[in-house]
Amino acid sequence: MLSIISTLASASTAANSTWSQLAIMERLLSNYDRTMRPGHTALDRGSEMISSTATVQDALSCIPPGHPDLVIIRPIVHHVHSIDQVGKTFKVQGTVTIYWDDWRLNYSALSCLDEVTLGSLRDTGGIWEPGVVTFESQQARYGGAHGALALLGEAVSIKRSGHVTWTRRFESTFGCPGMSYGQMPFDAQGCLITFGSFPYSAADVSVIFSEITKHAAAAISFSTGEWMVTVASVREVTVSDKSYARLCFKLERSSNNAEFSIIMSILFVCAAYAGFYVSPAAAPARIALAFLCFLMVLNNVTTLYARLPPLKSAQKGRVWISDFLFGCMIFNFVSLIQYAAVNYGITCRAAKKAALAAAKEAKEAQEEPPVNTSTVQIEVSPTDSHSQHRRLRPAWYKKWDPSVLADLDIVFRWLFPIAFIIFISIMFGTISIYPPGSTCDFEARPD
């Protein structure tokens with residue numbers, strides 16, 4: 001019996017609490033203008049004075065200027081993901097809580113409730129809100145939104161003093177157009193998220209971060225894909241008569257994908273270098289080795305360009321890892337051309353040896369004594385086709401013996417690694433001259 005009475009009492013209390021909230025909001029909004037911000041309190045009181053004063057001029061002289069409303073932002077980031085290097089965007093999931101004071105919602109004389117808690121801003125019946133947006137957002141879903149942009153998760157609470165707390169979940173795609181990949185894979189990108197009032201200027205609404213956000217921002221860290229995401233800093237600025245609270249995300253490349261491509265490209269060049277120790281007679285092995293190494297590095301270059309936006313040929317569009325992989329590809333291509341030169345040198349050397357042997361046989365035949373027979377001796381001189389062929393060659397070719405190319409392997413066994421070590425040293429020593437990643441410009445006007 002007691003449990004039944006307790007249940008009924010609890011239900012009755014809940015009903016009264018709900019009715020009290022509805023009654024409070026109905027009473028508060030009976031003469032409420034949602035188009036007027038709370039900071040116009042003095043102006044509103046001045047309008048009441050007009051009806052009770054003798055002249056309008058006297059009343060207006062008593063109206064002090066309105067003060068800006070203070071709006072406090074507390075964003076909580078749950079996850080940062082889907083960082084798109086081509087589109088220069090990233091996605092953020094979290095909640096954002098907005099605080100402000102509205103003296104018109106003070107119900108201390110109406111009820112003993114500590115606060116009125118409602119499921120959405122629409123449930124309040126239409127109170128003023130500061131119109132806070134994130135300017136870099138390209139596509140967003142919010143708690144309390146309509147249609148395809150709707151997302152579950154919204155709450156509004158109003159304290160007896162008129163202090164309003166509005167919390168919403170959000171999932172937004174933010175643009176970071178300043179991303180620069182010149183020093184990839186050793187780059188870091190700075191991307192801003194700007195909170196500000198869209199309809200109001202800094203003279204009407206001042207937007208700041210909560211103290212919790214300011215102190216806890218440095219502890220925010222996420223690992224997503226190949227990136228490590230941290231909050232570098234937060235700042236409140238006024239730009240072009242607008243008040244902004246800006247959050248700077250720092251995106252640092254932390255995966256081993258790019259480093260693995262660099263290491264593999266170096267190993268492919270080393271494999272191509274090993275071909276200089278393979279006998280030139282093993283033509284299929286040397287050609288296959290050099291050609292496969294070239295194709296593997298070319299594949300790395302193609303994969304890299306697929307992950308980047310279209311790059312300009314100007315210095316601004318240079319990417320370090322692209323130049324490094326391209327250099328490795330050139331070294332592999334040189335090893336392929338080198339074998340063609342060696343093979344040509346071997347062919348020329350063989351032809352030279354054959355020509356010398358033929359000339360020696362002809363000389364020996366001329367030095368043999370003639371045989372006395374009744375048969376008429378006819379002396380036939382050897383054809384000098386080789387001499388005729390040499391006369392058709394240019395002068396520089398006559399002075400240079402192409403058969404020396406057969407010994408090119410010996411030269412490349414020393415020259416190739418020295419040149420490659422110099423190339424690697426130059427590339428790693430010039431990383432700083434490539435365009436750095438983007439930075440957060442807090443004083444820039446958001447688009």
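Counting begins at 1 with the first residue displayed.
The backbone N, Cα and C atoms fix where each Cβ goes, and this holds for glycine too.
As annotated by TrEMBL, domain 'Neurotransmitter-gated ion-channel ligand-binding' applies to 73-248. The transmembrane segment annotation in TrEMBL covers 260-278, 287-308, 320-342, 414-434. For 263-379, the entry in TrEMBL reads domain 'Neurotransmitter-gated ion-channel transmembrane'. Annotated region 'Disordered' per TrEMBL: 366-386, in sequence order. The compositional bias 'Polar residues' annotation in TrEMBL covers 371-385.
Counting residues 6+ beyond its ends, the transmembrane segment (414-434) has Cβ neighbours under 8 Å at 182-183, 186, 266, 269, 273, 276, 318-320, 323-324, 327, 331, 334-335 in the same chain. Under DSSP, residues within the domain 'Neurotransmitter-gated ion-channel transmembrane' (263-379) fall into helix, strand and coil as 90 helix, 0 strand, 27 coil. Under 8 Å from some Cβ of the transmembrane segment (320-342) lie the Cβ atoms of residues 182-186, 258, 261-262, 265-266, 268-269, 272-273, 275-276, 280, 283, 286-287, 290-291, 293-294, 297-298, 300-301, 304-305, 311, 405-406, 408-409, 412, 416, 419-420, 423, 427, 430-431, 434, all in the same chain and six or more residues away from its ends.
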